[in-house]
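Participant: Submitted below is the structure of interest, expressed as structure tokens.
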Amino acid sequence: MGRRSRGRRLQQQQRPEDAEDGAEGGGKRGEAGWEGGYPEIVKENKLFEHYYQELKIVPEGEWGQFMDALREPLPATLRITGYKSHAKEILHCLKNKYFKELEDLEVDGQKVEVPQPLSWYPEELAWHTNLSRKILRKSPHLEKFHQFLVSETESGNISRQEAVSMIPPLLLNVRPHHKILDMCAAPGSKTTQLIEMLHADMNVPFPEGFVIANDVDNKRCYLLVHQAKRLSSPCIMVVNHDASSIPRLQIDVDGRKEILFYDRILCDVPCSGDGTMRKNIDVWKKWTTLNSLQLHGLQLRIATRGAEQLAEGGRMVYSTCSLNPIEDEAVIASLLEKSEGALELADVSNELPGLKWMPGITQWKVMTKDGQWFTDWDAVPHSRHTQIRPTMFPPKDPEKLQAMHLERCLRILPHHQNTGGFFVAVLVKKSSMPWNKRQPKLQGKSAETRESTQLSPADLTEGKPTDPSKLESPSFTGTGDTEIAHATEDLENNGSKKDGVCGPPPSKKMKLFGFKEDPFVFIPEDDPLFPPIEKFYALDPSFPRMNLLTRTTEGKKRQLYMVSKELRNVLLNNSEKMKVINTGIKVWCRNNSGEEFDCAFRLAQEGIYTLYPFINSRIITVSMEDVKILLTQENPFFRKLSSETYSQAKDLAKGSIVLKYEPDSANPDALQCPIVLCGWRGKASIRTFVPKNERLHYLRMMGLEVLGEKKKEGVILTNESAASTGQPDNDVTEGQRAGEPNSPDAEEANSPDVTAGCDPAGVHPPR
């Protein structure tokens, strides 16, 4: 197995953050849940204690506190999505309702700690508590709070995320115009933070920046897609590559092809994860120094690749959930040394006031798994050279070491603020990397060939094939080395010498990937599909129709998606280089009966906040009481709504509509954030097409208590809340009472186009 393949395997295996909180033992799962079968793991590891005491990463006199903290369960933390206009309303709801109910509450004799804000996270948008998932699930006193967390998490308004993992995105200092690469993104909690920062201004539907989120594990990429979809952004692309050889992309700039350099790069590399001992209990028995020794090379390759793709003046954050200097300072020191001044560590000591951290260390030793220590490379016997590398040791030259300013690195210790262990370093790029300084400018096709065939010395030194004669197999399908494949194709197309190449015949293209996703097909300007949509919704002339795409090349287009202009540029110029898993948000869905209503496509709730600024018709302004009725009843008659809403609805033809609630600043008791909903104007009624969890979110924000049971009539309210809105009758639906057994409402609800994301809140559609 080659080094690159081994690296991919290590990236997939070393994922400590996936462990369930508090999973301390194994066993068989019965009706009552996971039950015993294995002895509980003893939270002791003498080698671990010996190693870190010798390295002195913990201040003198604090070792006992450090170990005690590691043996305690990790507090639960949650983060409120900051870019959404509803963030203040959620925070108000949490502080004044749910948190107050937790005061003086005890569960199994343990006093429940009222959640407290993280002192260093801006605007009180992150909170922590001693409530574990186990307690939240089993305690009836916490049922409402648990349902709130589950529902709001699914809606994208709240994220369950470990406190220390929130730090790297904050230190990236992202602005809406930044091009961002997240190199090892799954499961996606940090990625969602980056998306939030791009959309800091909710009035701008398409910020200039974007996030390309990459992960080496194909299955985990779909977890990443699920996380990103909760935020409904047109500026996120999920790709599947080996981070250590992620392809260099190109973009079109005024008709010329130029290399894409990123303004911000998050390099949260795979690690041994000994900082996660509080939640990943297996680390106690499995920890050895061998894990760090094996991962060091991969971490350095990923960091180097990130530095190559960083724009001058850009910022890269390198982070691990490990306390080991072999994975931390050693990687940074080696990267700084090989950069020859192109990179420098930024001083971020004042950027997160309230965060407690220890400065990076400048001296460390290397220990083998059997406890043998080495202070420098010269002392390592030849038999150990495959396991221990010279880059694992600190630089010998004291002046060079001092110039690196390794003390600017941040190491977070668990006992200082009741968190996990973590390491962060912020790097700024001052100039091109030494091996990239003579990079040719790209001009047309010949320049593409030159760029693709000139690989960096980093590729050479890390044992990667750099010319076609070194490719091992005609069916090479590596998940990241697409530059090599591109170079091979160019050489073949140009008739260059190919002696010794074990490749396909010249008439065939090299296979880049093992399999392909559905294509991303942009809708051409002259497509007859768009004019009826444009007319029906009176779209603004500024609407970027060129950014619409579908996922099929044949048959009827059932879903229309949208990406930002910048991501469109990336997609069009790199379709053969990238393995794209997902991008874009759904904005329109085909309605089977749409032709009867002048437009075959209805609006999708997923993309309504992106689309709404461009829509000039089919908009009904509703009151807060109207919103309550629309979200708690399936097909309320016009007469159940306010007279203002009725007068607007009666003048509209049947079909898809936008329902807009504007807050009333004169009424402080009313909901103070705007709401935009997708709906359908039927013959005599209106219905909404809003996912269940999103419905529950809006109802909670309006002060309605929602229960979690699924009943035939849909969302169930408490008696007190139901009295304020009126319950729908249980015997027949509104559509049947209106004499519409085959109404468009019913056909729409039963249409196969109605996906889970657009389905009303778990209700049975009218038949």
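Any Cβ shown, glycine's included, is placed from N, Cα and C.
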Participant: Name the one residue among ASP215, ASP282, ASP328 that Swiss-Prot lists for the same S-adenosyl-L-methionine site as CYS184, ALA185, ALA186, PRO187, GLY188, SER189, LYS190, ASP242, ASP268.
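Facilitator: Swiss-Prot lists CYS184, ALA185, ALA186, PRO187, GLY188, SER189, LYS190, ASP242, ASP268 binding S-adenosyl-L-methionine, and from ASP215, ASP282, ASP328 it also lists ASP215.
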Participant: Where does Swiss-Prot put SUMO2 cross-link, among LYS511, LYS577, LYS683?
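Facilitator: Looking at Swiss-Prot, the SUMO2 cross-link feature maps to LYS511.
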Participant: Among the residues LYS557, LYS579, LYS640, LYS692, which does Swiss-Prot list with the feature SUMO2 cross-link?
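Facilitator: Checked Swiss-Prot: the SUMO2 cross-link annotation sits on LYS640.
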Participant: In whole Å, how far is LYS660 (SUMO2 cross-link) from CYS184 (S-adenosyl-L-methionine binding site) when you measure between their Cα atoms?
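Facilitator: Answer for this pair: 39 Å between alpha carbons.
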Participant: If one measures from the C-alpha of LYS640 (SUMO2 cross-link) to the C-alpha of LYS660 (SUMO2 cross-link), what distance in angstrom results, rounded to a whole number?
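Facilitator: One finds 17 Å between the Cα atoms of these residues.
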Participant: Taking only the recorded sites LYS46, LYS586, LYS654, which one has a CA atom nearest to the CA atom of CYS321 (active site, nucleophile)?
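Facilitator: Answer for the nearest of the recorded sites: LYS46.
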Participant: Name the secondary structure element type, per DSSP in three states, that contains LYS640 (SUMO2 cross-link).
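Facilitator: LYS640 (SUMO2 cross-link) sits in a helix per DSSP.
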Participant: Which residue, of the recorded positions LYS46, LYS190, LYS640, LYS660, has its CB surrounded by the fewest other CB atoms within 10 A?
Facilitator: LYS46
Participant: Which one is it: of the recorded positions LYS46, ALA186, GLY188, LYS190, ASP242, whose Cα lies the shortest distance from the Cα of LYS654 (SUMO2 cross-link)?
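Facilitator: Nearest in space to LYS654 (SUMO2 cross-link), counting only the recorded positions, is GLY188.
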Participant: Using only the Cα atoms of CYS184, ALA185, ALA186, PRO187, GLY188, SER189, LYS190, ASP215, ASP242, ASP268, which the record gives as binding S-adenosyl-L-methionine, return the largest interatomic distance in Å, rounded to a whole number.
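Facilitator: About 20 Å separates the two most distant Cα atoms.
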Participant: Which residues does ALA186 (S-adenosyl-L-methionine binding site) neighbour through Cβ under 8 Å, counting only same-chain ones at least six apart?
Facilitator: ASP215, ASP217, ARG220, CYS221, LEU223, LEU224
